[in-house]
Amino acid sequence: MSTSLSVTELQVENFTFPPTVKPPGSTKTLFLGGAGERGLEIQGKFIKFTAIGVYLEDSAVNCLGVKWKGKSAVELTESVEFFRDVVTGDFEKFIRVTMILPLTGQQYSEKVSENCVAIWKSLGIYTDAEAKAIEKFIEVFKDENFPPGSSILFTISGQGSLTIGFSKDSSVPEGGKVVIENKLLANSVLESVIGKNGVSPAAKESLASRLSPLFNDCGADSEKPQS
């Protein structure tokens with residue numbers, strides 16, 4: 001049975017993330033790995049800015065399950081290495097960032113770009129290719145505005161290309177607005193959500209709690225004795 005058949009939708013604030021989706025620029029149907037909000041503590045109050053859903057290709061379960069099967073949701077949540085494996089895994093991923101509060105494209109792209117460049121420079125891996133990819137990333141967001149309920153859509157191919165799309169409602173367009181061929185940038189977009197310093201601990205926890213039982217189920221059929 002495919003993973004897509006065994007997962008459920010998730011609600012974050014007033015937004016529903018369906019159990020499966022066909023991302024922009026993709027021919028595949030991905031399943032909902034997890035979802036959660038991104039927010040900040042401001043003057044003693046937790047303000048939620050965006051709801052984020054992370055979708056994965058079915059093959060991710062077997063890919064990751066080889067190493068992580070048998071681990072509890074808590075163990076996965078606390079493992080930096082686990083989320084790194086999700087980010088770098090050779091399977092398709094899709095991220096939907098839905099606005100709870102309004103945001104301009106410029107605000108969003110500048111924040112993501114600053115974080116990416118700072119990390120790359122600290123690791124000594126910031127080259128001309130990354131500089132050009134960041135320029136393209138900022139350009140596509142330049143004239144965009146995102147009212148509540150609108151979404152930014154990121155499709156990350158197994159080869160590492162990043163397709164960026166936008167939606168003003170719950171629909172998902174067939175194609176993206178731009179494709180950026182830079183694996184480092186593609187991975188960093190997901191890393192910024194679920195990595196070591198990811199902006200959505202809730203999405204990380206959700207991902208771990210939903211994938212843990214799927215890992216334990218994977219391979220169950222192949223382990224049965226042949227009749």
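The count begins at 1 with the first shown residue.
Note: Cβ is positioned from N, Cα and C throughout, glycine not excepted.
Per Swiss-Prot, these features apply:
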{"type": "BINDING", "residues": "Thr50, Asn115, Ser192", "note": "substrate binding site"}
{"type": "SITE", "residues": "Tyr108", "note": "site 'Important for catalytic activity'"}
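Largest Cα-to-Cα span within the substrate-binding set Thr50, Asn115, Ser192: 17 Å. Sequence-distant contacts of Ser192 (substrate binding site), defined by Cβ-Cβ distance under 8 angstroms and a gap of at least six in the same chain, are Val112, Asn115, Cys116, Gly198, Val199. By the criterion of other Cβ atoms within 10 Å of the residue's own Cβ, the least surrounded of the binding-site residues Thr50, Asn115 is Asn115. Compute the center of the Cβ atoms of Thr50, Asn115, Ser192, which mark the site for substrate; besides them, the chain residues with Cβ within 8 Å of that center are Arg38, Lys111, Val112, Val189, Val193, Gly198, Val199. Cβ neighbours of Tyr108 (site 'Important for catalytic activity') (same chain, under 8 Å, six or more residues apart in sequence): Phe141, Phe146, Ile152.
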